[in-house]
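Enquirer: Would you mind keeping the following structure in view while I ask a few things?
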């Protein structure tokens with residue numbers, strides 16, 4: 001701290017600070033730098049000058065000062081101050097000008113506000129000595145500290161509360177529970193203001209606390225969770241080491257007593273009674289029992305078991321892990337007629353046993369469960385039940401296959417009736433005697449068609465058909481030798497023209513649909529009709545096959561190209577059955593290696609010469625033809641649908657706009673006005689009255705005479721326009737609902753003008769009168785615009801009149 005003080009010495013006088021409001025004590029604060037002398041030291045000069053080697057840079061001020069006058073802190077003084085007021089003292093830094101004020105002339109520092117050490121422990125300021133006239137620093141600026149001196153004004157506080165601890169029940173005395181700590185905001189380096197001790201205010205009967213460390217321990221060894229599972233302990237912390245006048249604070253500590261397995265399970269009852277029907281299937285729950293345990297958590301987990309031999313055989317006990325109940329279920333079928341009441345001993349024991357508490361007693365308990373079996377009307381039972389029967393396939397209709405027996409297990413022993421479930425024997429191959437249960441054949445059996453039959457036999461009480469039992473029965477059809485052996489395939493062989501005697505041509509094998517128990521044994525020989533055969537020989541190989549060999553040198557297919565060799569095959573019986581098969585042998589031409597080149601049979605030649613490559617090429621050609629046909633059909637169909645869609649297209653009359661404008665009513669040159677005069681009366685042209693225009697005038701009649709005046713439309717009251725109206729509405733509706741039509745507007749014209757027109761029509765279409773019946777003089781009253789039209793028709797009218805005259 002001496003840095004920055006070279007060339008500048010301060011004399012800091014610490015005075016007594018009298019606190020009149022407290023009236024009990026005064027404090028004198030002084031800080032001695034290195035080499036500071038005692039009072040009366042000759043180094044202290046009469047003028048208050050101090051040696052430059054002394055450093056005074058720290059003041060003390062007591063906190064919580066409550067006096068009315070500013071509290072004197074200390075004085076700063078420069079060696080160059082001669083007391084003439086030429087030096088001005090100033091301070092800057094923390095609190096300068098607000099909390100701390102300095103007398104510019106004397107250098108006295110006062111505190112004007114109440115200070116709190118717990119909020120701020122010291123203030124750092126800087127002192128300057130300036131020339132009052134020039135305001136120049138006379139000595140370098142010096143830094144000093146004002147420390148706030150502590151008083152015991154803060155009580156201890158438990159900042160980590162609320163506290164919750166736990167201890168196991170039955171813990172020994174002195175078992176540590178938890179630790180609490182209180183903090184004091186006072187200065188721990190000054191006096192005993194922050195020195196805290198702990199004590200128990202409430203709960204001292206069961207717990208204690210270490211006065212220095214705050215560790216809470218048990219004071220008794222018989223804490224029992226089942227009696228009281230939590231305690232509220234009040235701990236007090238006092239500062240000043242617990243001396244009189246010290247401040248204190250308290251907190252409540254909740255201590256939870258945790259469980260240990262110190263209580264065995266106990267059944268509330270020594271006997272339980274349940275009942276169940278005798279037809280209950282295996283696995284049916286009979287009832288539940290539960291042993292109570294005062295412990296909690298896993299200490300209540302239990303296991304149940306059956307202790308007596310009878311109960312172990314008939315019943316099973318499992319533990320419900322959720323409810324800790326014993327579930328008693330049926331392990332073997334019950335029978336009221338055999339035993340009506342069963343007694344079961346059930347034992348409960350804890351799953352987790354604490355060895356520390358074994359001396360408290362056995363941790364298991366037993367109870368008796370009495371199970372009563374209720375009688376019900378049971379269906380008949382098959383005794384003894386065998387599901388396999390056998391019968392020979394040549395058994396006659398009505399032959400007995402076997403007998404099934406069923407008895408009523410009830411005490412009444414009702415008679416039993418039998419039947420076959422026809423859903424398992426729809427062809428009624430078997431029948432059963434309803435009274436005796438004898439199963440007989442109903443049709444001829446054939447093992448080769450069906451070697452096994454599975455049927456279901458029903459047994460029911462004679463007077464109560466609802467009590468039905470079912471038994472599955474498998475009937476095996478035993479084989480008899482009723483099928484002769486046959487050649488495995490229609491054999492065909494080939495022999496070369498230059499074959500030598502003894503050459504192997506074909507190996508023959510046979511099949512037999514029968515299945516004798518000792519296995520097949522077949523015998524081969526040539527049929528009697530082949531006894532004169534000198535071309536081929538047959539050798540029985542003794543392994544159910546035979547070999548055909550040539551018997552002569554060479555063959556000529558020009559003489560004979562096919563030989564038929566009948567072969568007789570006989571089985572081993574009993575009885576022995578036989579059949580005759582024919583081996584077809586073709587004579588073929590071969591090369592020097594014995595490979596067949598050609599035979600007289602066309603089928604054989606084709607099969608021999610058609611290579612796989614040629615066959616693949618043929619298939620590819622057929623496939624290409626099929627694809628072409630399908631493509632043509634598809635194109636035709638597409639073209640047809642396109643034409644249909646064009647035919648279905650909506651025909652519209654479009655409004656066509658021409659950008660030419662006529663010359664008005666005076667323009668008679670733009671259009672041929674004779675077209676207006678070429679109006680025919682279609683009814684007259686088509687015949688009119690039948691006499692015709694050719695009768696009088698002949699073909700030389702003036703063509704102009706056939707022109708008629710523009711007829712006036714006169715609506716007949718008898719006309720019916722509903723047809724046109726319906727047609728128009730139908731077309732509008734079709735246009736509205738057709739989503740495929742492009743959204744464009746069109747103007748469609750229909751031959752229907754309507755009624756109530758204020759101006760009569762000039763159209764000649766469908767006119768009902770001839771030109772001679774019309775008078776166009778009314779056109780003159782239509783105004784100047786129709787003057788030209790009136791002149792035309794008026795002139796026309798005059799011409800017609802002259803012609804008539």
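Backbone N, Cα and C atoms are what each Cβ position is placed from, and that goes for glycine too.
Straight from TrEMBL, here's the annotation block:
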DOMAIN    78-158  domain 'Cadherin'
DOMAIN    159-267  domain 'Cadherin'
DOMAIN    268-382  domain 'Cadherin'
DOMAIN    383-487  domain 'Cadherin'
DOMAIN    487-604  domain 'Cadherin'
SIGNAL    1-26  signal peptide
TRANSMEM  614-635  transmembrane segment
Enquirer: Go through the chain and flag residues at least 6 beyond the ends of the transmembrane segment (614-635) whose CB is under 8 A from any CB in it; none is fine as an answer.
Expert: none
Enquirer: Looking only at the domain 'Cadherin' (383-487), what are its DSSP counts of helix, strand and coil residues?
Expert: 0 helix, 50 strand, 55 coil
Enquirer: For the domain 'Cadherin' (159-267), what does DSSP give as the number of helix, strand and coil residues?
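Expert: For that range the per-state counts are 3 helix, 45 strand, 61 coil.
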Enquirer: So, by DSSP, how many helix, strand and coil residues make up the domain 'Cadherin' (268-382)?
Expert: 16 helix, 53 strand, 46 coil
